[in-house]
Each structure stands twice: as C-alpha cells, then as structure tokens.
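Chemist: Got a structure for you, written out below as structure tokens; questions coming shortly.
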Amino acid sequence: MNLSSLLFYTTLIAGTLISISSSSWLIMWIGLEMNLMSFVPIINKDKTPYESEASMKYFLIQAMASMMLLAAVLSAEMMNDINNWQNLILISALLMKMGAAPFHLWFPNVMQGLSWINCFTLMTWQKIAPMVMTSYQLFNNKFINMIIILSVIVGAVGGMNQTSIRKMMAYSSISHIGWMLTAMLMSSSYWMLYFIMYIILNMAVIMIMNKYAMFQLQQIFNTKMETTTKFTMFTGMLSLAGLPPFLGFLPKWMIIQNMIMFQEYLVIMIMVMTTLITLYFYLRMMYSAFTLSNQSGTMLNENKNKTVLMISISISLLGIPLISMINLY
C-alpha cells in the first residue's frame, strides 16, 4: 500500500466516524462528503476504463444524494422543525447512498467495475454512515415498508439472470439492505448483530473470490481448487444466503420472530419467500462445490491459506451450535 492509498483510507474511515458520531446534520453531511471524496480515488486506483466508469457513476449518484440531503437539512434548519416531506427527502437521499431499491440501479453497475476489495468496502463500510443516519429518522410507516419489500424483491429477482458474480453479490446486498432496515425498525442492537454477521460472511467469501480472481459464474466451475477451499466457499455462500442451520440464518430468524410478534405477517411472508429465490441463485453459484471431488487442484499451493480457510468454515458453522443453544434455552 502506497502513501496516497493510506491517506485516502484514513480519510474514508474518518469521514464515516465523523458522520456516525456527530449530533449535527450538517457535520454528518461533511463526514459523508469526506467519505465520498476518499472513495472515488480508491476506486480509480489502477485507472482502467471500467474503474473510471464506476468511479464517475458512483460520484454522480452520491453527489445527487448529498444535494438532496443538504436541501432537506437546510430547509429543516430554517423552519426549526422537520415535516413529513423533508423527512421523506432526507430518508430517500440516505437510501440512495446505500443503494436500497428503488434507488438501486447504480449499485450493480458500479460493483461490476470494481476490484473485489473495493466491492467489499462498498458492500460493508460504505453502508455504515447512511444506515446510522437513517436510524435517527426511521419510522414504521408505509414508505419504509414499501422500501423493505421492494429491496428484497429486487435483490431476489435481479440476481437470478446474472452471470457476473459481482452483480449477483450486489443484488444480494440490496436484499440484505431490506432485512437490515427491518432489523433497524426493531432495535439498533438487532441491526448491529445482522451487520456484523454480514461483514464476517462477506469477508469469508470475497477472500476466496479475490485469491482466485473469479468474476464470472463460469470461472467457479472451471477454477481448480482444493476441497477445503471449495467447502469454505460453499458454507460461506449458504450462510450468506441465510440457509439454516448456518450462522447467516441466526439474525434472520430473530427478525422473523419479532415481525411475527409485531403481527407484520404480509411483510415477513414476502421477505421469507424472496430469500428462497436468493438462495436459488446462491446454490446455482455453488453448484460445483457440491461435487467436492471435481477438479481438485494439486498444482496450487494451498497450505499457506489453510488456517484462514478453516477459520472461515468455523465461523459459518457456528450457527449450528448457536441455534441449538437458543432452542434449548
């Protein structure tokens, strides 16, 4: 990592921390702008045409969302109060920043032009500030319910016809946004639990994708991997899809239980049904991992990464004892 990358990553982290720790909306907006201005050069580090296109799309969308946010904040400051319309514009701007449906159209296209490390940053770190800011003004109304339903439907249907792994991960991320917003409506601790698990499982999968430079669906079938690596990727993916009894099912189960308790039957039914569609395209992705003996690579030196892979498997399989313990309790 060179000096400029270190500078940009420092300001990227600082921007997010300013946004989530401030009590003033204007300072939060400044934090978001710092974060944006740091991430654009990080995206465009290698200066390939795909990266340049992705950074320009990202910049334009984020700048437009920042403009909406600033307009809502300034008008609320002038009136010393925030009305429904201002709240709607403010929430919409933040949803656009995180890539929730129906403000999601930029997200898969930007992901397509990024390296795996930048994809991971966009799917995880870049969502923290908008999500925390959204939680300050989030109310259980028809608009938020519509956003949640749209996010899970778009995330499920959009990923079905894709051959690009990055686009599939982007649509999966849109679906997870729907679940995270639902968790946020209940309690910030539910949201934090879901988000931390989402980061851990994403990391386990993206580490392997990055190591083998896999970007298209066909590459998963053709890449020679050791059985351990395949099994890690397989468990990580199924966990990310929320299949019981893996770790990824645990936060979803808590949300399902709470939604039933709040008698939100229609919303949770749609969410569970669309998760099954998401599971379908994850299984399609992991089809080669089922045939564990298929093309096990002897020519690749895997020993160095065995420890990391075993930790990843353990994290995914942690769901089994956790769910058993909760059931007993």
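Heads up, the Cβ atoms here are built off N, Cα and C, so glycines get one too.
Note: TrEMBL annotation is automatic and uncurated.
So TrEMBL says this about it:
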{"type": "DOMAIN", "residues": "22-278", "note": "domain 'NADH:quinone oxidoreductase/Mrp antiporter transmembrane'"}
{"type": "TRANSMEM", "residues": "7-32", "note": "transmembrane segment"}
{"type": "TRANSMEM", "residues": "58-76", "note": "transmembrane segment"}
{"type": "TRANSMEM", "residues": "88-107", "note": "transmembrane segment"}
{"type": "TRANSMEM", "residues": "143-161", "note": "transmembrane segment"}
{"type": "TRANSMEM", "residues": "191-210", "note": "transmembrane segment"}
{"type": "TRANSMEM", "residues": "231-250", "note": "transmembrane segment"}
{"type": "TRANSMEM", "residues": "262-283", "note": "transmembrane segment"}
{"type": "TRANSMEM", "residues": "308-328", "note": "transmembrane segment"}
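Have a look at these and tell me how they're positioned relative to everything else.
Modeler: Counting only same-chain residues 6+ beyond the ends of the transmembrane segment (58-76), those with a CB under 8 A from a CB of the stretch are 25-26, 29, 32-33, 36, 39-40, 43, 82-83, 86-87, 89-90, 92-94, 96-97, 103, 106, 110.
Same-chain residues lying 6+ beyond the ends of the transmembrane segment (88-107) with a Cβ under 8 Å from its Cβ atoms: 32, 57-58, 61-62, 64-66, 68-69, 71-73, 76, 82, 126-127, 129-131, 133-134, 137-138, 143-144, 147, 150-151, 153-155, 170, 173-174, 177-178, 181.
Outside the transmembrane segment (143-161), and at least 6 residues removed from its termini, the chain residues within Cβ reach (under 8 Å) are 88, 91, 95, 100-102, 104, 108, 167-168, 171-179, 181-182, 185, 267, 270-271, 274-275, 277-278, 280-281.
With a threshold of 8 Å between CB atoms, the same-chain residues lying at least 6 positions outside the transmembrane segment (191-210) that come near it are 115-117, 119-120, 123-124, 127-128, 131, 135, 165, 169, 176, 179-180, 183-184, 229, 232-233, 236-237, 239-240, 247-248, 250-251, 254-255, 308-309, 312, 315-316.
Distant neighbours of the transmembrane segment (262-283): 145, 148-149, 152-153, 155-157, 159-160, 162, 168, 172, 175, 178-179, 182, 186, 237-238, 240-243, 252, 255-256; these residues of the same chain sit at least 6 beyond its ends, with a Cβ under 8 Å from one of its Cβ atoms.
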